[in-house]
Amino acid sequence: MTEILTAAQMRAIELAAIESGEVTGLELMERAGRGVVDAIFDAWPDFKTARGPAPEPPKYFWQDEDAYKAIVLCGPGNNGGDGFVVARLLRDAGWVVEVFLYGDAGQLPPDAKTNYQRWSEIGAIRAFADISEEILNGASLTIDAIFGTGLTRPLPDEIGNVLQFVSVQANSRSKVRPPIVAVDVPSGIDADSGRPISHSVIENDEGYYTPALTVTFGAAKVGHFLDTCTSDYSCNSVSDRRGPSLVVKPIGVEHRIEVAAGNSRIVDLFEPDKARHIDLLGRSSVGLNLLFLSKDRGGHKFSHGHALVLTGGFGKTGAARLAARGALRVGAGLVTLGVPPNAQMEVASQIAGLMMTRVQGGEALAETLTDARLNAVCVGPGFGHERARALVPVVLSNKRATVLDADALSAFANAPEELFETLHENCILTPHKGEFARLFPDLANRLAEVPTRGPAYSKVDATREAAARAGCVVLFKGPDTVIAAPDGKCSINSAHYERSAPWLATAGSGDVLAGFITGLLARGFSAMDAAETGAWLHVECAIAFGPGLIAEDLPEILPKVFCELGL
Ligand SMILES: NC(=O)C1=CN([C@@H]2O[C@H](COP(=O)(O)OP(=O)(O)OC[C@H]3O[C@@H](n4cnc5c(N)ncnc54)[C@H](OP(=O)(O)O)[C@@H]3O)[C@@H](O)[C@H]2O)[C@@H](O)CC1
Ligand SMILES: [K+]
């Protein structure tokens, strides 16, 4: 797990570093600009040579000289200040650099103004009005340093128009378009929510622009992993197959952030309420309860729990069988499918390693649950609304650790409060976007509104509110899965950038996730730990399998993932 920060937290950390006297704002800006240039040279090693390819052909490179050429777009704040540093450092490296400034140079904040003046001594600065598609296309690289964490309101048309150019440029499938590098965050995107605060650019058919490379400082921002910021339109990325990259460059304030590992973090100084933390489940498994996943040698099947996965009726049992397979592979000692009589034959002919019991109605379920060894229940995949309305209350009144997925959520669309009243702290709801909207229509509507101010209402905000209202853990699925507990603890399970897993968008993958989480509950994980670990393993499985993945593959690749984790 890695701590990711809101814009306010980052500002507070930066301010504390400056006020303590250990660094000046100007030095931070220099480090930020240096970080961007280093990241560019790491991503495109050819750019380090300063000389571009022969000027003719191809036509899209600078014609008059053989040096590489960068366009640097600077905004009116410190993000723009970073841009002036990048311009100077690229020029020092032998590049031809053209700089454009939005706004009045006289109004720049002090450090940005200093870097503006440094650049003015060596190069020209033009107004945004002079930018054209031709200029952008004539460069080897465009640097977006218009807005960073200080974006507060919708973009003025002048910038919206430039970003439309940039969108076309970044999202074009044509290889001749030069790549775009965003400084800190893509301009126009709110750093806390990952959402654009702009009507004009949203309405652009091209969608919002995705930079090939985003370079951020100190720690990633929450918005880097949410919403539009994670949509992948770009093909002009560092590597087209890998998609857009996010690089975090240290600027010397990292000791104030501290990686999450259960330690008290220095960020607490600014926001004493620990619930404000947001953890990122990324490539590193540090902070996840993985040791708990291994099985001790003396254990037997009952020491690893017994999960009950309830199935739907005839022809509808596939989803629950996928979940059950997931629960078994993740290490539940035993997994039993609770099957209505009309589906018994169907299930009996297709399960290996699983057990089966007849569960028709509420009475049969209550009877089944008198077996105290059944310590975790999964209900919802392929279940049917009628069966859900009858059986979910019985499951919940028995207070087992429970995953409610799919139909177990949608069945309560007309009366979500009825469901919330019966939920308890050992429950996990795993809605996708549609199911979330059925249970929490007001939160979903808020999330759907076009934001007009920053920080904008985010998926993190919505999931936290939902968890508080439901009184249990909510795992809000999507390419940007957010997991929140009622006390505000929150994490984002990233499937982006170097952890991109597009093949996970396949039928039944959510059922397997519900099964992984149920299996972990059976093994004794707390609700939050089970949700985080299950979601993290789910993405690791998709990455380990790669292209061609279907849901059935997810449980089967889990042993390989476990081996690689050293379990
Ligand atoms: N934190 C760190 O450790 C470090 C941070 N660094 C860098 O600083 C960046 C943050 O700088 P920042 O706070 O100056 O904000 P930034 O994004 O440049 O914009 C603010 C300006 O834009 C204006 N403005 C806002 N919205 C607007 C709109 N829609 N349309 C028009 N104008 C709008 C706003 O005007 P105002 O709201 O004040 O009227 C203000 O003038 C950060 O992202 C990183 O790159 C590094 O240098 C060093 C380490
Ligand atoms: K930017």
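Any Cβ shown, glycine's included, is placed from N, Cα and C.
Pulled from TrEMBL:
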- 10-259: domain 'YjeF N-terminal' (DOMAIN)
- 78-82, 148-154, Asp184, Ala319, Gly382, His432, Asp511: (6S)-NADPHX binding site (BINDING)
- Asn79, Asp144, Ser187: K(+) binding site (BINDING)
- 284-565: domain 'YjeF C-terminal' (DOMAIN)
- Lys477, Gly478, Pro479, Asp480, Thr481, Gly510: AMP binding site (BINDING)
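Annotated features taken from TrEMBL, shown on the structure.
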residue: Asn78; record: (6S)-NADPHX binding site; DSSP (3 states): helix
residue: Asp144; record: K(+) binding site; DSSP (3 states): strand
residue: Thr149; record: (6S)-NADPHX binding site; DSSP (3 states): coil
residue: Asp184; record: (6S)-NADPHX binding site; DSSP (3 states): coil
residue: Lys477; record: AMP binding site; DSSP (3 states): coil
Number of Cβ atoms other than its own within 10 Å, given for Thr481 (AMP binding site): 27
Three-class DSSP secondary structure - His432 ((6S)-NADPHX binding site): coil
The domain 'YjeF N-terminal' (10-259) [mean pLDDT, rounded to integer]: 86
C-alpha spacing of Thr152 ((6S)-NADPHX binding site) relative to Asn79 (K(+) binding site), in angstrom: 13
Integer Å distance between the CA atoms belonging to Gly81 ((6S)-NADPHX binding site) and Pro479 (AMP binding site): 33
Cβ under 6 Å from ligand 2: qualifying binding-site residues of Asn79, Asp144, Ser187, Gly478, Pro479, Gly510: Asn79, Asp144, Ser187
For AMP: widest Cα to Cα gap among Lys477, Gly478, Pro479, Asp480, Thr481, Gly510 in Å: 14
Alpha-carbon distance [Lys477 (AMP binding site); Thr152 ((6S)-NADPHX binding site)] in Å: 28
Among Asp144, Asp184, Asp480, the one of these binding-site residues whose Cβ has the fewest neighbouring Cβ atoms within 10 Å: Asp480
Additional residues around K(+), ordered along the sequence, whose Cβ is within 8 Å of the centroid of Asn79, Asp144, Ser187: Leu73, Gly75, Gly80, Gly83, Ala145, Ile146, Phe147, Gly148, Ala182, Val183, Asp184, Val185, Pro186, Gly188
Spatial separation of Gly478 (AMP binding site) from Gly81 ((6S)-NADPHX binding site) - C-alpha basis, Å: 35
Nearest-integer angstrom distance between the alpha carbons (Cα) of His432 ((6S)-NADPHX binding site) and Gly510 (AMP binding site): 9
